[in-house]
Amino acid sequence: MKIKTENLEMEKKNPLALFYQFRELGLFFFIVILCIGVQLRNPSFLTGENILDMATNTSILVILALGMMIVLITRGIDLSIGAVIALSGMLTAQLVAANPSVNPFLCLLIGTVIGALCGMVIGVLVAKVGLLPIIATLALMNIFRGLTFLVSDGEWVSSYQMSESFVEIATGTFLGLNHLIWIAVLFCLVFFYFLNYTRTGRQIYAVGSNPQSAAVSGIKQGRILFLVYTIMGGLSGLCGVLWVSKFASAQGDTASGYELTVIAACILGGVSIAGGSGKLAGVLLGAILLGILNNALPLLNVSPFWQNGIQGFIILLAVIVNAVVKRRVERTHLLRRAG
Amino acid sequence: MEQKKQTYQPRTLETNLPFSWKRLFFQWEWMLLLILVAVLLLGSYVSPYFLNYPSLRDGTMVFLDKALIVFPMAMIMIMRDIDISVGSTVALSSVVMATLYTSAGLPMEVAIIACLATGAICGLINGLLIVKFKELSAVIVTLGTMILYRGIAYIILEDQAAGGFPEWFGFFGWGYVFGIPFLLIVFAVLAVVFGIVLHKTTFGRKVFAIGNNPTASRFSGIKVDKVKVIVFMLAGLLAAVTAIFLTSRMGSTRPNIATMYELDIIAMAALGGVSTAGGKGRVLGVVIAVFIIGYLQYGLGLINLPSQMFLIIVGALLILSVAIPKLGGMIKRK
């Protein structure tokens, strides 16, 4: 009901409300302006090669951001994904180092299963035991990271130990596009269908926007939470394999702190940490924006040491602007209703 | 009928309850004390150099620096918030201090004051953002500032280390007063001060009230925003104090110091019985928990166990300490 009335009011063409409704469009224009700016400073930015490069480098972020989006929609958060990436990547890399003839598809499958198991542990702790997601995943981040160091004994698996077919997973191309791009596109399509056209997908939104009424309407909240964290874990496990294959090395501190980048992509894309809202298009644009920033800053001769600071600043700016705009919109709604 | 009565019973503050022997003995703190004894015995079992006074005394220097932040963190968690930017605040204030001394050539005393000011400002920014933008939640605000503060530290110092402090500065990290490490004395004083503030003053009462019911406390005239900003500022300030001790002990600083401190600190507070759902917690429990985790880390270091084992143990302890009360509740309901 609420959504319907809001839409009706939006039709009255309040510029701010329009902006809020088409926030993805705003983000899109920001990206376009950014691209034009960078292009003017460095003409090698918008070449076909560089664009493909950027897309390849952003693919893993996109896949992870999709999973993080559904976690955030249910009012949760997952800080353990960097550690899950490292753990699944390390185990798969060790497997490949031990017997190089392993089928690459089997590697992807094994990585995904390892990640999904990790995700299930989180799911049980959050859904059944009722721990706060931030506490549970903070603790499991440490445990998974520690396990990675234990199984690797502090050693790296480097490129010469990996078979060609394994490295091919993330470096090979199909129809001129890198495999990573294809995988990311595939997941985007699957998630688009899953979130918008399946019952479970809609239930995820319902649990996040109002847990009580979701429970009253017969949605098994525990099952949804468990599912969400398992999907997130599975995606992180898959990305672990992709990561190791792409960089051709597995280390104890692989992807350390990467969860922050993923969460940042979601928040830039307009996913609310309070749950219940978030669109795939927004998350995709958020991830692309971060990908472009990572690619453009070196091209603009910005010192790599500035990247963290700029990223943090942009995240804070984005969430604050978002909050201010949302408040204005709600106030005008209230005023209109009063008058 | 009976069940209904129970669900509507208001939560009473612990100090309001009448005295009873049963409650005196069934307290989380006794449990913690047992764990601490077990850790100490385990330590003496695995290493002959563990359980004696000089060893235990000097061992505190390894872990007490971060433990200073645990008091404001407990307050923040009691108010149902969380602050995951404290590790970055430690790094930023340490880097500011070192840069002002080495590059700007200011006297060390001024640099130390600047360090404290940096920490307090970081905490103030956290607090103001959280209070002004309530829809954002403390998680997201401190996540953003966590990246931002460490980012600024990297901008200032890049991948360099800064050090070469005057000799007297080493006193913070290594000094003794009457045969007791200076850090231990500071910790003890802070424990007493925070214990009194949290349990015996109106300010502490307000903190608990906010954690129990933020809306009700605002309607009963508590300036919720003011209390929150003050507590977050305290967290930033003590992060700066930690930075002083840590920098002094290490003799130099880098932008990547104190990474993941927030986890250890949150684990200490949660193990100490501070409820992550807000409204509950005592300084005594937190102090015991600090020594449990600290001596565990120290003992593992003595027997040369890989430090990654410590990561796993802290993670497991954190989960257990928050899961046990929940599981207990689940069993009771059945």
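Note that Cβ sites are derived from N, Cα and C of the backbone, with glycine treated the same way.
The transmembrane segment annotation in TrEMBL covers A:20-39 (among others).
The transmembrane segment annotation in TrEMBL covers A:51-72 (among others).
Residues or ranges marked as transmembrane segment in TrEMBL: A:79-97 (among others). Proximity of distant same-chain residues to the transmembrane segment (A:79-97), defined by a Cβ-Cβ separation under 8 Å and at least 6 residues beyond the stretch ends, is recorded for 64, 67-68, 107, 110-112, 114-115, 118-119, 122, 134, 137-138, 140-145, 147-148, 151-152, 157, 161-163, 166, 232-233, 236-241, 243-244, 250-259, 262.
Non-local neighbours of the transmembrane segment (A:103-127) in the same chain are 76, 78, 80, 84-85, 87-89, 91-92, 95-96, 133, 136-137, 140, 144, 165-166, 168-169, 221-223, 225-242, 245; each lies 6+ residues outside the stretch with a CB under 8 Å from one of its CB atoms. Look at TrEMBL and you will find A:103-127 (among others) tagged as transmembrane segment.
Annotation comment: TrEMBL describes A:134-152 (among others) as transmembrane segment.
According to TrEMBL, the transmembrane segment annotation covers A:172-195 (among others). Sequence-distant contacts of the transmembrane segment (A:172-195) (same chain, at least 6 residues past either end, Cβ-Cβ under 8 Å): 52, 55-56, 58-60, 62-63, 66, 70, 201-202, 204-205, 235, 242, 246, 280, 284.
Counting only same-chain residues 6+ beyond the ends of the transmembrane segment (A:224-243), those with a CB under 8 A from a CB of the stretch are 59-60, 63-64, 66-68, 70-71, 74, 76, 78, 80-81, 84-90, 92, 107-108, 110-120, 122-124, 126-128, 169-170, 180, 183, 187, 200, 203-204, 207, 254-255. The annotation transmembrane segment is assigned in TrEMBL to A:224-243 (among others).
What TrEMBL lists as transmembrane segment is A:255-273 (among others). Within its own chain, the transmembrane segment (A:255-273) is flanked in space by residues 23-24, 27, 61-62, 64-65, 68-69, 72-73, 75, 77-83, 85-86, 89, 141, 145, 240, 243, 279, 281-287, 289-290, 311, 314-315, 318-319, 322, which lie at least six positions past its ends and keep a Cβ under 8 Å from the stretch.
The transmembrane segment feature in TrEMBL is assigned to A:280-299 (among others).
Among the features that TrEMBL reports, transmembrane segment is placed at A:305-325 (among others).
Nonlocal intrachain contacts for the transmembrane segment (A:134-152), taken as residues 6+ away from its ends with a CB within less than 8 angstroms of a stretch CB, comprise 77-80, 82-84, 86-87, 90-91, 94, 118, 121-122, 125-126, 250-254, 256, 259.
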